[in-house]
Amino acid sequence: MPIGKDILKFKCEDDFPTLEPEDKLQVYKQLSSTGAVKMALNQAINGATLDPSIPGGEHTLNVPKDNRPREDTTLIYYCWKKQSAESHSLRTVDEKPPAAAPHCKVTVTVSGTSPQSSAEQERPPPSEGENENHSSFPPNDIYRCAAGEPTETTVSEPNSEVKMKCADEFTFQPTETSEAFDGECASIKSLAELVPGAERKDGHGIHSLRIPSLPEGSESKALCYQCQPASNVEAKKDEKSCQFKIRVKPTAAADSSAGRGVSGHSTLFLAGAVVAAGFATASE
């Protein structure tokens, strides 16, 4: 939850419909020394609230910008299967569940305001003469994808950057930074062929695609990346894979429209739960 975003929506999937803690005033807070401790949400982050969802809907986490913590703060929720939620209560201190545990974990990191914070910092105001729409997202917004739910992004400004990250135990494909899948995610091609001038850099599990200039003409360019299970079990590889589909608008289309340079629905996939960040152009 980067600086500048004070609302985040998340939803437990159909197989894991029950939220824990059930009390909207409670949350688990990650502590480096003792794991995750259950406490009052208002104690974890002063002024924070959780708006409960209607059955099958989204939960809305609100963190007032005036009460944002100085240091990065990690909050944790769990989504449980119906049959297990009734008979299971988490310990005060969270322990790593067994691999087959019938629940998933939703982790939300709220970026702190301290200059030393390792999280995203608020983007400074544009300098005189700079186009405010020159870069649409704060520099460290990161896209994630969920199995069966491709993340689709549109780039409509030059010098835009799309940052992508796979969940743990997944690998980013193609592994070569000079390559990408075509728009249908079917075959690997040269990145320069798909979007001339684009370049990709990898570091610390984050894959950054930079688009210095938009393609000439009137046709959009499309490319795709995938997160694939690191497991060698090929039978389930396609079923679990997820995709980042990126469309780059041509200069002609960009000149006739105004708005954010990078737009789309950004989803954070965490062990079966879908977290939809509250970006202005998303559907939240």
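Cβ coordinates are placed from backbone N, Cα and C, and glycine is handled just like the others.
Nobody curates TrEMBL annotations by hand; they come from automatic prediction.
The compositional bias 'Polar residues' annotation in TrEMBL covers 108-119.
TrEMBL lists 8-110 (among others) with the feature domain 'SRS'. Regional average pLDDT for the domain 'SRS' (8-110) in the model is 76.
Taken from TrEMBL, the feature domain 'SRS' applies to 148-248 (among others).
According to TrEMBL, the feature region 'Disordered' maps to 108-144.
Remark: secondary structure over the domain 'SRS' (148-248) totals 11 helix, 50 strand, 40 coil, with classes taken from DSSP.
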